[in-house]
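For reference, the structure is listed below as structure tokens.
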Amino acid sequence: MAIVICAGFSLTIANALQCVPVWAELVEPVPGYAHCTDIITLYLSSAPVHISTDLMILALPIPIITQMRLPRKQKIILVVTFSFGAFVAAVDVVRIAYLEQAFQIQFSSDGAGRVSITDDFSWSASLCFLWSAVEVHVGIICACVPSLKPLVAKTLPNLLRDTKEPHDVSGMMSSAHGIGAGGGMVNVADFGQSSPRNAGSLGITGLPSNPKDKEYEDTRLSKEINGPNESQPQKSSQDEIGLMDFLTTPEMRSPKLNRASTALTNTTHKTTATNFGFYSMDSKKPMTKLSNKESILPLAYVTILFFVWGCAYGFLNILNSRFATVAGFGSGQMVGTHAAYYAGYAIGPFLPGWWVLKRGGFKATFVAGLCIYAAGTLVFWPAAVLLSFPAFIVSNLIVGIGVSVLEVGANPFIALCGPCAYSEARLNISQGVQAIGTVLAPLLAERVLFRTVTDTTSLINVQWTYLGLSLFAVALAVIFSYLQIPEASDEDFAEIAEKRSTVYSTLIFGKITVVHLTLALGVFAQFCYVGAQEAASVAYTGYINTVDTNSQLDAFDWQTVGHTVFAVGRFLCAALQLFMKPRRILLLLFIGMIITSALCMSLTGQSAIAALTLYELFQSGVFSFIYAISLRGLGSHTKIGAVWLSAAICGGAIFPVIRNPVINGQGYSYSFCIVLAPVVFGALFPLYLEAVPAAKKQVDPIYQHKPVLPVQQGDEPRTDSRGSFTSNLSEKVKSRFKRNREDTMVEHIDG
């Protein structure tokens, strides 16, 4: 309600102060020195707010209804009734389409600005006003739908009555008697013979039971089932009728039974579910204790989010370039829009991300991130209409905040859901799926969606693409809110870390624990790595056009090849962990990045493009290794560590801004020094892991396997070079195992 009030008040003030000076709005024609904002532009700019509030009001009661303990059919009726509000949102979209048509009638674009065609606003926006009236009346109709319940109950009684529920009093037994499980007498009134309801479970004899209808049984057991209480006043027919009376019929209500106490009804039902707002997450065990097989399904769910923000990143890159071309922005403004996206990582993890993750868990973080991302995509709408650079900056910033909140939850979830030894491999696989999104989305945007975006009108048409992305994000948020996703508390993470507390509590330089120093250096390395990655990315096509002017492929095709190599590299890094320790793979990747970025500074032609492609290969798995290694052993501080590692991605907002003036002054090849420098500084992290013994013990994964033979006192266990549990077995141990097995077989035969 606060959002609706604030948005309405802001739009009213904007309409009232449409012109500067204000009195110029009342003069016809408008004086030349006056500056007025077109009313259609204001209406189009407010469209995202209208759609967002419609969707929020539509979705607000649905989680509450679905959590109510009601029969399934009654619950469906309630959801459908409240879902009629979707017609209001649909009419709002139609109205906006006619607003867009009015805008195209009233304005045209010559590539440099807008030229007015007609000042007859009432004619150009007439259909828009018509649909505005339709929107209001459709809302009134939807609000009146519950009042149609008596008519529907009279004409279509089977539509409201659940077939599993008892029918009306005709054909019912006036009374039935049975002996309850506790020995008392049970009186059954108004109970239909054609639909007996789990009589055995209630202690009622003489009635067949229906074990399949568990939901109805749970509904009845949740209430006090007694006959009419004479001491309580009966409800008068003149009493006010509530919403539930409109939406339900007497046949949909549970029968009242007089029954004796039974063992079942006296049992206290305990639950271990953890409630986060509307979401009930009842997982049998925390995600830190899941096996590789058990973690496959939740990991697959969350990997979908990686693909979503990979597509978002790809779409934004192409749209930024198109928007800059239409609006006439320079290279500095293009870099500014890119920096705004990554500036969201300095805000999102600490404000909404940390608060939601701490209080709501991983699932709530996913839902919050998707909703913020949806709001950001809608803000592009007024940015395209106004051709406003500040509005486009705001759109990119909100999208960045939404994706950063997603990463606060998704990256640690992938790294920590399952055995800790495979954290890096899991994260590389999911990040590889995200990289596939960065390959497919630019191809779709460049070749299909944004191919004809060359002027203002075509740019406005792109808003429907972003409306689709926004609705998809909202739908994904709704789906995730009902998925059963495992969680883990700070105590669960502390329990895992306690197993190696001696290693994790080792002091470095006598002052700081090894896990905190590793986290600090990991955050710094992540900041440098992402900064170098984005500094190379924003000038990718410009570098190729400069170093090789005779290539048969254009710069976009070469960039697609580089992104494909990047995606394949992440899957290769996940497989490489089967043969090497993660810290050593990370060191090799940094060495490769240093060599290839230095070659990009000195080479030209196809050799330079090959070096740039190899750079994409070497940088592919760095993010996942830094993230998973830095989280290992943090215990109860794991979530705040994930927040800092996600915030370190804001390095992508800084180094591209630094490289842009170097490109203008020294050229693309020399400017690769801005890529090389953060890579060199980031390499301090894997060097630290190799040089400090305590850090080696902390970050090296331990692959635990069940020993094949029993180990008794005197047979000292040891670990192999990869940390695998083995035992120094002698012939004596082998013979003892053989003897124990033979004794077991004899006992089995004797039994």
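A Cβ is built for glycine as well, from the same backbone N, Cα and C atoms used for every other residue.
What TrEMBL lists as signal peptide is 1-16. TrEMBL lists 40-64, 76-98, 123-145, 296-319, 393-415, 427-444, 464-483, 503-525, 560-579, 586-604, 610-629, 668-689 (among others) with the feature transmembrane segment. Taken from TrEMBL, the feature region 'Disordered' applies to 199-239, 710-730. Marked as compositional bias 'Basic and acidic residues' by TrEMBL: 211-223. The feature domain 'Major facilitator superfamily (MFS) profile' is assigned by TrEMBL to 298-694.
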Winner by Cβ pairs under 8 Å against the transmembrane segment (503-525), considering only 40-64, 560-579, 668-689: 668-689
Cβ-Cβ under 8 Å with the transmembrane segment (393-415): same-chain residues at least 6 beyond its ends: 287, 298-299, 302-303, 305-306, 308-309, 312-313, 316, 320, 336-338, 340-345, 347-349, 352-354, 356-357, 362-363, 365-366, 368-377, 379-380, 383, 423-424, 426-427, 430, 627-628, 631, 638-639, 642-643, 645-647, 649
Long-range Cβ neighbours of the transmembrane segment (40-64) (under 8 Å; 6 or more residues past either end): 3-4, 7, 11, 14-15, 18, 79, 82-83, 85-86, 88-89, 92-93, 96, 99-100, 102-103, 106, 121, 124-125, 128, 278-279, 374-375, 378-379, 381-382, 385-386, 391, 467, 470-471, 474, 478, 481
Within the predicted model, mean pLDDT of the domain 'Major facilitator superfamily (MFS) profile' (298-694): 90
Tertiary contacts of the transmembrane segment (464-483) (same chain, 6+ residues out, Cβ under 8 Å): 51, 55, 59, 62-63, 66, 93, 278-279, 301, 304-305, 308, 312, 315, 363, 366-367, 370-371, 373-375, 377-378, 380-381, 449
Dominant neighbour of the transmembrane segment (668-689) in 76-98, 123-145, 610-629, by Cβ pairs under 8 Å: 610-629
Residues from the same chain, set at least six apart from the ends of the transmembrane segment (76-98), whose C-beta lies under 8 A from its own: 44, 47, 50-51, 54-55, 57-58, 61-62, 65-66, 68, 70, 125, 127-128, 130-132, 134-135, 138-139, 142, 145-146, 160, 247, 467
